[in-house]
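Under the heading transmembrane segment, TrEMBL lists A:15-35, A:47-66, A:78-102, A:133-153, A:193-216, A:236-255, A:314-334, A:355-376, A:413-432.
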2 protein chains.
Amino acid sequence: MKIKLDELTARLSSVQIIVLYYLSAIIISTFLLMMPVTLQEGVKLSFIDALFTAVSAVSVTGLSTISLHETLSYTGTFILAFILQIGGIGVMTLGTFVWLILGRKIGLRERMLIMTDQNQSALSGLVYLLREILVLIVAIELIGALILGVHFLNYFPTWQEAFRQGLFASVSATTNAGFDITGQSLIPFANDYLVQTINILLIILGAIGFPVLIEFREFLAQRKKGHFRFSLFTKIAVTTFAALLVAGTVFIFIFEANHLLTGKNWIEAFFYSAFHSTSTRSAGLSTIDINQFSTPTHLLLCLFMFIGASPSSVGGGIRTTTFAIALLSVISYARGNSTIKVFKREIMPEDIVKSYIVIMTAFMLCGFSVIFLSFIEPSFSLMEILFEVSSAFGTTGMSLGITPELGTVGKSLLMTLMFIGRIGIFSFLFLVRGKPKNEKFHYSKERVIIG
Amino acid sequence: MKIKLDELTARLSSVQIIVLYYLSAIIISTFLLMMPVTLQEGVKLSFIDALFTAVSAVSVTGLSTISLHETLSYTGTFILAFILQIGGIGVMTLGTFVWLILGRKIGLRERMLIMTDQNQSALSGLVYLLREILVLIVAIELIGALILGVHFLNYFPTWQEAFRQGLFASVSATTNAGFDITGQSLIPFANDYLVQTINILLIILGAIGFPVLIEFREFLAQRKKGHFRFSLFTKIAVTTFAALLVAGTVFIFIFEANHLLTGKNWIEAFFYSAFHSTSTRSAGLSTIDINQFSTPTHLLLCLFMFIGASPSSVGGGIRTTTFAIALLSVISYARGNSTIKVFKREIMPEDIVKSYIVIMTAFMLCGFSVIFLSFIEPSFSLMEILFEVSSAFGTTGMSLGITPELGTVGKSLLMTLMFIGRIGIFSFLFLVRGKPKNEKFHYSKERVIIG
Ligand SMILES: [K+]
Ligand SMILES: [K+]
């Protein structure tokens, strides 16, 4: 049996194995969520709803077909937080630690798995990297939980309840899961700017990408020695992230100025705009019923959710760097340049093609999903369907409220989108990818008229 | 003055000059349309509506803010047909003939202009090519007008009226303009399969691309000698065109089977599906009020209008070959291949990047337009706005009816989209394109994590 398993894994690509791990995590989570101890007394969870919640939790999306508030027991919220943690940090990171704890040597094959999961292209220092990620994320979560817990003493009757809520909120924000156990997302804190600021910071730390966090830590450690150079990836990821935050805030403000923000003062208007702009990176939390936004804001949120978070982060979507490189490519072309020069480096031509392939595949995937859903669920509007599809693919979890009302086919489609959004389009393409064929010979090249 | 003009044109790229020609055609058309002789007695046409009609006619889109049926005089319909002809065949083709007639020698500079307008990459034989295009299109239109005119004797009281309607319908279908002077598109012929079949054939001949038509003529001429080889462009363009026609027909049939096509027999159902599938290539004619289609069909039509027709044809959109190459690139990648092999040839890597740049730019352009329109025109649904934007960019001209009700800003946006759709994204990028900068030195390349 051992030998057969080895033979099987040898045949599968590392991406396929990662996917198997994720699928296992989903199946185990489904059973965890269906355990009586997880649920409130008298509550029954159907298999499809448990599966949907499991996929949503492992992919840290936060879309839900049920009210967690009315479903999960006290213990259940800890179990859910644990699943979010697994999903957020990545099954492989955790798997590595199990191996380490069991004293098993990390071999080349395992390193390659981790490399694929974290999207790294260098093998060395990976185990060290993973340990750092885990320590960093847990530290961030604990600090967040502590601050929120202390502050929640103003809201909740007992300190146990305050810290339970604080811990869950911190884990949910840092992993960008966006689940809530209050039943109302962060709407009760619409005027509590401390809670919102902490949440914004936690969301950013989770979604900015692990490599960025690691580099910043190294930068801080080596600051005195000087000469620290950030990687091109970190520069592009952080710049794009910041640009999206600012653009989102500005446009939500413009679109809602004469609508939702009428009569609100500057601070209120700023927080409503900035919070939802940040939330689209992939958290999906909200401080307002987002149905109240107008159509242009809904469309903007769709676009931003589709773009998603940094690669190697807790988020989904096509990823910020993918968007940035495609955009830079268009700008370079329009300027008449044949190469992309940015931060005194040049982008590799194959990375440009890779980003376009990701975007094209994502568009086809989401476009097909929208057309298919509008066919099988004719009672929902185009806006509702587009929003839910973008939210699932971006593993954002914002919702205009139709997810609980979808049929089994619709729920399955959203589950698929959340899963692909989490593993990323590239891993998805690798999944279906075969061995290269017909690479040994070449036909002559011929020009084709384009555009 | 002559010298100054030469200096000016020497500074402008050939694309910019083509655009200037198109703009001149639009301005002249606007004045032609505002002449009293063009209009019915007592009808007044506002400047914005005349301009909109001119842009729509020169770009052979067919979107309209007015009822032509109630606006144009008898003479006016001929003037409109003439403008469609200019737009359809391309300002440059006609310009070339003016030069030829005036006995002016066609120099290198003029050849380059024509080359850009017709998207050709070889200079030789261009004048010959243009003459062939004009002869072919006019021949096709006259044959179409003759058949339709004779058949229309069944519908109209006098032979003059029958042939006027036949001529206009033939020109409108062949140039894929999609204008109608009946006031109801082809709805009166919903059960006349001869009229529909002729229209389908004329639409295909106009939208399949001039190079394809020329190659087919050469193929027929050289058939007996054997050894004729179609270009890769023709093979890809024809295959994609056919695939889109079939896919459109099948999906409209599936989406409407239990909706619009309920109770219709097979022939009726086939013609409703096939006609509207063909019409999205860029004609925009319809045999039914397209508001009656369901949401998935509307979305499908949007997608197909966005793709549009062949390059170097009367149509707009991103163009069939652009779509085909991007799709082939994703499929090749998913299969693990690093090159695209098709019809025993390989696609040039720069053509792959070109097609992605076109698609990305088009997405941003249309996405921005949809968000902007939904902001300034909040009374229209997302579906209505998306449909009108796709229709304008694809120079298709199908409408859910909101175009006449848009404000001046909305109308101007649609005009811009029609114009860019007609000249093509590539020419649009060239328009804003500067001289290459910073090409002399290179930075070192650095990898970035994507997707
Ligand atoms: K989320
Ligand atoms: K048209």
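Note that Cβ sites are derived from N, Cα and C of the backbone, with glycine treated the same way.
What TrEMBL says about a protein is an automatic prediction, not a curated fact.
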Do we see three or more Cβ pairs under 8 Å linking the transmembrane segment (A:15-35) and the transmembrane segment (A:133-153), pairs being at least 6 apart in sequence?
no
Best-packed against the transmembrane segment (A:193-216), counting Cβ pairs under 8 Å over A:47-66, A:133-153, A:314-334, is stretch A:133-153
The transmembrane segment (A:355-376): which same-chain residues, six or more beyond its ends, come within Cβ distance under 8 Å?
306, 317-319, 321-323, 325-326, 329, 382, 385-386, 388-390, 393, 406-407, 409-410, 413, 417, 420, 424-426, 428-429
The answer for the transmembrane segment (A:413-432), taking Cβ pairs under 8 Å and residues 6+ beyond its ends, is 13, 15-16, 18-19, 22, 26, 51-52, 55-56, 58-61, 63, 87, 116, 119, 308, 311, 316-319, 354, 357-358, 361-362, 365-366, 369, 372-373, 388-389, 392-395, 403, 406
